Amino acid sequence: MEGVDHLAHERNKSEFDVDAMKIVWAGSPHAFVVSDRISKLVASDPGFRKDNRSTLSRKELFKNTLRKAAYAWKTIIDLHLSEEEAAKLRFYVDEPAFTDVHWGMFIPAIKGQGTEEQQQKWLPLAYKMQIIGCYAQTELGHGSNVQGLETTATFDPQTDEFIIHSPTLTSSKWWPGGLGKVATHAIAYALLIVGGREQGVHGFIVQLRSLEDHSPLPGMTVGDIGMKFGNGAYNAMDNGVLRFDHVRIPRNQMLMRVSQVTCEGKYKQSDVPRQLVYGAMLYVRQTIVADASCALSRAVCIATRYSAVRRQFGSQNGGPETQVIDYKTQQSRLFPLLASAYAFRFVGEWLKWLYADVTQRLQANDFSTLPEAHACTAGLKSLTTTATADGIEECRKLCGGHGYLCSSGLPELFAVYVPACTYEGENTVLLLQVARFLMKTVSQLGSSKKPVGTIAYMTRVEHLMQCRCGVQRGFAELSADLVEAAVAHCQLLVVSKFIEKLQQEIPGKGVKQQLEVLCNIYALFLLHKHQGDFLSTGCITPKHAALANDELRSLYSQVRPNAIALVDAFNYTDHYLGSILGCYDGNVYPKLYEAAWKDPLNESVVPDGYHQYIRPLLKQEIRTARL
Ligand SMILES: CCCCCCC/C=C/C(=O)SCCNC(=O)CCNC(=O)[C@H](O)C(C)(C)COP(=O)(O)OP(=O)(O)OC[C@H]1O[C@@H](n2cnc3c(N)ncnc32)[C@H](O)[C@@H]1OP(=O)(O)O
Ligand SMILES: Cc1cc2nc3c(=O)[nH]c(=O)nc-3n(C[C@H](O)[C@H](O)[C@H](O)COP(=O)(O)OP(=O)(O)OC[C@H]3O[C@@H](n4cnc5c(N)ncnc54)[C@H](O)[C@@H]3O)c2cc1C
């Protein structure tokens, strides 16, 4: 029945203060208040409804996304929302759109690679959305290999301009979000050519479309690259294709914080590392780790609530069947994902601090922690997105057949989420960057340069020094193993940051104890999953492995009575979850049944096509009719 909490008996089992855990999850009392208020504002506004998305055509979906983006912007202006509140509103609207890239990449790229003068010119226009930006780096022929990009930017000293050109088909810009139909400007990455010399890839601000009638400017061939994976909401994003035909831009539209070109045509490399050209990717990768904890927690919330509602087998003398959440197999699949959602939350908090710290140091021209920041953002982005994509799919399977319904929210969540394993750095390519960082550290062992920070533990691998044979040859040959070592390094980061979180003051009855259980589940599940490596390297004995497995089962039993409360702590509205299986009151079956009849296919009892195709079949008329 509506209004009845079918999960009340589960909530009454909780052994900790859920409201206090909500604040831990949000990050602070202030963050909780903002999140709670904005999520409810979005959920209560019919202008932000999303339950009809699966029935829309791509063009309807795209136009609806434009409407929502405009409506969101109007809401932000009318309610005088702060930047923090506006970001939360865009988050809870939960619609992949050009605004993600405008705010998440275009603006950070100008802030990180633009001069003060360029920031003062372009940021006010971008903040007021008087221009809409995209990040045009990837091309048809190159994505991972940034230095292989073919678009050219040739300086013309006669006119003090750059000529942006796509010399080959493979140099076509391909994938940039927002490029296809909406963006008026791009940060375009191109091979800089000055005085006939190539100077590497740099970023340029290029206007794409008229601000009067939105038509592409001369020399631009631009459009959408077509439908993407599944029928999910990511098809509301206009990932685009763009070819430049000798497009001229003023010299002052090259982002010049890292390098400069003078009006005389002199190329000047300032004393900052050229890698700052990659700065926007560093920023986005750290935000993607926080996004992973959100996406995984959504899927875990759905699967946990449904596992408590679903009963299958086990009825004694006509009594109720067993809740599937009580099966040890269900717990061994679900609870490590619940622990991972919390683990990624906390390592994401730490990574946000690390990024802020490296950004502050860069402003003082202190580049000492940039390599570590790159390795951490690259590695944790790779680890958390892979685990989250796999975790969402596991949550779908944990919900049985109903998990495959769009109304479960899981198929779309998966379809929208999985490209995170590829964009912002393909996950294996990023792990190779971590491996390179680790091997560089090994090569420096024994020197005066002692490993510090997240690699301080490596002083204990001095014995590896002997294997510094032909580092480059060895690296390529052993890259598959080194990628595994990179994952292990990042897992150490996740576990250690979870432990550091537990060393902080954590208010609320039973809250710290619950987090300790989740931290132990995360760590012991890793030990269990990789016990072959731990045993073969002598890190643990078979007895240790057995004890770890026993302890893991015991920890699952400790989580069980608190599972519903632990996902309630995410404080997601039913609107944001977008899932009948994960609805707060657990009243699943009536909602599933009611939702089925809303499908357009049920608008008529006799389906379109019956008279044309089915009736002739049934009446055996098909044999005579020509097919
Ligand atoms: C919230 C927003 C929503 C987002 C929605 C999704 C939108 C998606 C957008 C995109 O996908 S944008 C495009 C993303 N593309 C990539 O991520 C490309 C990945 N490739 C690269 O980053 C680089 O090509 C590479 C793989 C790092 C290789 O770089 P390079 O060709 O220069 O060679 P290396 O020799 O490997 O590196 C040289 C040197 O520089 C260091 N380094 C590399 N990257 C960075 C960095 N980002 N920051 C700092 N330092 C970096 C690297 O460690 C090497 O250092 P040394 O070892 O020489 O000390
Ligand atoms: C949904 C989505 C949105 C995107 N949005 C944007 C955007 O807004 N702006 C933008 O510029 N780009 C965007 N991209 C592009 C994205 O950044 C690239 O697709 C990504 O960087 C991967 O590059 P790639 O496609 O060239 O993959 P490839 O590098 O071609 O990967 C193919 C395979 O080759 C392997 N591989 C590649 N190099 C090596 C190596 N050196 N050693 C071992 N293995 C290797 C990879 O591991 C992978 O298995 C988007 C992509 C997607 C899917």
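In case you wondered, yes, glycine gets a Cβ from its N, Cα and C as well.
Just so it is clear, the model here is predicted, and its values are computed rather than measured.
Annotated features, as they stand in TrEMBL:
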- 17-132: domain 'Acyl-coenzyme A oxidase N-terminal' (DOMAIN)
- Thr138, Gly177: FAD binding site (BINDING)
- 278-439: domain 'Acyl-CoA oxidase C-alpha1' (DOMAIN)
- Glu424: active site, proton acceptor (ACT_SITE)
- 462-619: domain 'Acyl-CoA oxidase C-terminal' (DOMAIN)
Just the number: how many Å between the Cα atoms of Thr138 (FAD binding site) and Glu424 (active site, proton acceptor)?
10
Any idea what the Cα distance is from Gly177 (FAD binding site) over to the residue listed as 'active site, proton acceptor', rounded to a whole Å?
12
In the structure shown, which of the recorded positions Thr138, Gly177, Glu424 has the fewest other Cβ atoms within 10 Å?
Thr138
Counts of helix, strand and coil residues, the domain 'Acyl-coenzyme A oxidase N-terminal' (17-132), according to DSSP:
91 helix, 0 strand, 25 coil
